[in-house]
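Asks: Features from TrEMBL:
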ACT_SITE  Thr193  active site, nucleophile
BINDING   Arg221, Ile222, Gly223, Asp224, Thr244, Gly245, His246, Gly247  substrate binding site
SIGNAL    1-20  signal peptide
Amino acid sequence: MKGSHLLTCLALILSSWASAQQYSIIIHGGAGNGLKPENYTEVQKAAFHAGLNRALAVGDSALNAGTAGPEVVSLVLQVLENDTLFNAGRGAVLTYEGKASMDASIMDGASGEAGAVAGISCIKNPITAALAVLRYSDHVLLSGSGADDFAQLHGGICVDPNYFLINSNLKVLRKIRGDQGALDSLIDHKMGTVGCVVRDREGNIAAGTSTGGLMAKKYGRIGDSPIIGAGTYADNASVGVSCTGHGEYFIRNVIAYQLAARYLYLKEGGQEAADYMIHDLLSGQKAFGGLIGIDAKGEFFYAFNTVGMLRGFKREGEAAQTYIFDLQER
Ligand code: ASP
């Protein structure tokens, strides 16, 4: 009797050991055709790698401490939102009128719950506003000043609008206003949307995206980043995804969800489904962008049809890897 009890205990310990997996994290900092090696100095490239590594390190320690997936995603994206190199939070591009109008979303693949905000203008870290919607609201998507108010009720920090007016963005905006550039050229002025997907030791997936949208946008334009299924999606049974690129195409093609559906129903791998979405579907429409993700088996995937995509990934106990261009020219 005693012996069989011991065996049961041993079997339980072994099975929980086997089911505990390495956690993993993947991030992006935007995709663009302006991301050419010759456009950046070594110092600038090093700054991109350092920013991505800082974010991965924060995610790594939060996952190691057993923090819930959506909270980890929020912590990681706050690091990138605070870094002016990226088009999110402090570095968010500006509307034609010269204001920040930011979008963010987050999804919990374990519960299927999601939270998103669109067109917010005072919350320092928009991803925390999206997380507040996920955790404390009956709704999924809040917009404008109402979303700013809701976030503040749940601890969001509202900053002076000048906080978002960084010189590099003001300079580009002035140039665009002067030459009335076409939409195509606007899209390349500053990409740098940020995204994160994590998978914890129990296999729970969470994903989030945060952006300032497109430089010089007008009329309250909203892209794919706060749209669940377009710019962000997470489901433990399939994939977690965060997208970046020309948002209108990501919305029309429901990119993030369509990728999950291919994994689930066509039994494609995450990478196979990602390649199809970017290189067949979007390239076929002459649309540009990229995405990152983790599938239910814990495999990383990413794809982009731009010259570069800032990205990085790390698995528990392994070294972090960060890239700007292709795998050869980091
Ligand atoms: N997808 C974002 C948008 O359309 C922009 C980007 O990822 O660069 O708002």
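The backbone N, Cα and C atoms fix where each Cβ goes, glycine too.
Bear in mind that TrEMBL entries carry predicted annotations, made automatically and left uncurated.
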Asks: Tell me which residues of the chain lie with their Cβ under 8 angstroms from that of Thr193 (active site, nucleophile), as long as they are six or more apart in sequence?
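Replies: His28, Gly29, Gly30, Phe86, Asn87, Ala88, Thr209, Ser210, Thr211, Gly212, Ser225, Thr244 - these are the non-local Cβ neighbours of Thr193 (active site, nucleophile), listed in sequence order.
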Asks: Could you check which of the binding-site residues Arg221, Ile222, Thr244 have their CB within less than 6 A of ligand 1?
Replies: Thr244
Asks: Tell me the Cβ contacts of Gly245 (substrate binding site) under 8 Å, same chain only and six or more apart in sequence, or just say none.
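Replies: The list for Gly245 (substrate binding site) reads Ala31, Met191, Leu282, Ala287, Phe288, Gly289, Gly290, Leu291, Phe304, Thr306, given in order along the sequence.
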Asks: Looking at Cβ-Cβ distances, which residues of the chain lie under 8 angstroms from Asp224 (substrate binding site) while being 6 or more apart from it?
Replies: Ala230, Gly231, Cys243, Gly247, Glu248, Phe250, Ile251, Ile255
Asks: Looking at the binding-site residues Arg221, His246, which sits with the largest number of other Cβ atoms within 10 Å of its Cβ?
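Replies: The residue with the most neighbouring Cβ atoms within 10 Å is His246.
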Asks: Within a 10 Å radius around the Cβ, which one of these binding-site residues has the most neighbouring Cβ atoms: Ile222, Gly223, Thr244, Gly247?
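Replies: Counting Cβ neighbours within 10 Å, the top one is Thr244.
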